[in-house]
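Below: the structure, in structure tokens.
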Amino acid sequence: MLSKTSLLSLLSLAAGVVNADFGITTSDSYVINANSPNSLVFTVDRGSCDITSIVHYGTELQYSGKGSHIGSGLGTATVSATKSGDYIKVTCETDTLTQYMGVHDGDRIIHMATYITEEPSIGELRFIARLNSDVLPNEEPFGDVSNTADGEPIEGSDVFLVDGETRSKFYSSQRFIDDQRHCIAGDEHRVCMILNQYETSSGGPFHRDINSNNGGDYNSLYWYMNSGHVQLESYRMGLHGPYSMYFSRSGTPSTDIDTSFFADLDIEGYVAESGRGTVSGTASGADSSFDWVVHWYNDDAQYWTYTSSSGSFTSPAMKPGTYTMVYYQGEYVVATSEVTVSAGSSTSKDISGSVETGTTIFKIGDWDGQPTGFRNAENQLRMHPSDSRMSDWGPLTYTVGSSSLTDFPMAIFKSVNSPVTIKFTATSDQTGAATLRIRTTLSFAGGRPQATINDYEGSAPSAPTNLDSRGVTRGAYRGYGDVYDVSVPEGTIVEGENT
């Protein structure tokens, strides 16, 4: 038999999960009830479009000090909410941006999309959910690398030292091609950003940006649609998304979310499946020990896919248009082409390419467009180069034939580990004119290599294009991929040892 105290406790628990009807309650704000299991009720300010409350399974998840919103908040917007059948749509309009939120009856998901005609004045386009860090302290999948709570700043205002470890919101990043879901979580709740559409973002398949950051007061869950963070492309206008914020109690949600209902919600810029086409074909010629990626882009959209082990591929559903088509070995471009996509049809297009070099005396690393395997590359994505967990940067000496790849640094800093010395042995038939080809992935502040071979000093190359963005200290390695060829005159290389 239950005591009165036990009975009251059970009734209280049950009351926290009982749902009202699917719908909108209107006052100074719109209160949206999703009518979902483990109930989801959220509140949107009618003047600003800020989400000011998110109650999931009876618990307030929203940070009380500041709302969740697009950019740094719209300030003021024309905000409306409508219910049609099984769907609710919230629309927030300014002169240059429209933010949409969509909810389906019974689902614990806030679907969103952002339509722009100009880049926001803050210079980047992002959605940030500011959530209660007491309830949702953890970040997934990379953990504490981006938890900067109580940290001491060591670089700008975005890299911190916490309990002897360097941390930054940038260390939460993942390549776009691999980032379909990132989450923050606690013992009773998990909130995930599900990303199934990058078409209007910028940067290509290997771009990466901030995903989450527990800064102490609140835990931020982001979707960065574009930014100047090591950005290689111009920004695209139009509709960004759909993207979805999924609420659960424990399990990690699937990334397979159907947002085709957006076609019925009068979303500016939304192109339904019927208005799209695909590209199918076979890629060939690249080194099969690496992943192969095919990438399509133009001024309006971008898409990508991994190929199968045999090289076959089918693109995502693409908006009609003519696209540059790129074939990568890892992240290294081996071929480019062009293809035109038409609505309602599949276009056949094969692509072939490989790395072409002359007779090679020595090679350090692989043709994959990444610093994988070089010293500190395994840590660089998740910590600052100054971190005590990093191996000694040098200066280092690499001896061809006996050194391991980790004896060569993944980055060269002028005041830290320059020069890097390479020793190699040449035969008599290798003493003619040669080319030392140095392939880089990223530069900063005009940094570029100048080589000396024995007594010959190569000319200083011109400065690379300035990305105007910190990279290697914020977990990035991919830039324009500048290549520097040093012409080595005949007789410079000698039989025997060379440096």
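Each residue, glycine too, has its Cβ placed from N, Cα and C.
Swiss-Prot records a disulfide bond between C183 and C192, which is the match among C92, C192. Separation of the C-alpha atoms of C92 (disulfide bond) and C192 (disulfide bond): 23 Å, rounded to the nearest whole number. When the Cα atoms are compared, C49 (disulfide bond) and C192 (disulfide bond) turn out to be 21 Å apart. C192 (disulfide bond): 23 other CB atoms within 10 A of its CB, across all protein chains.
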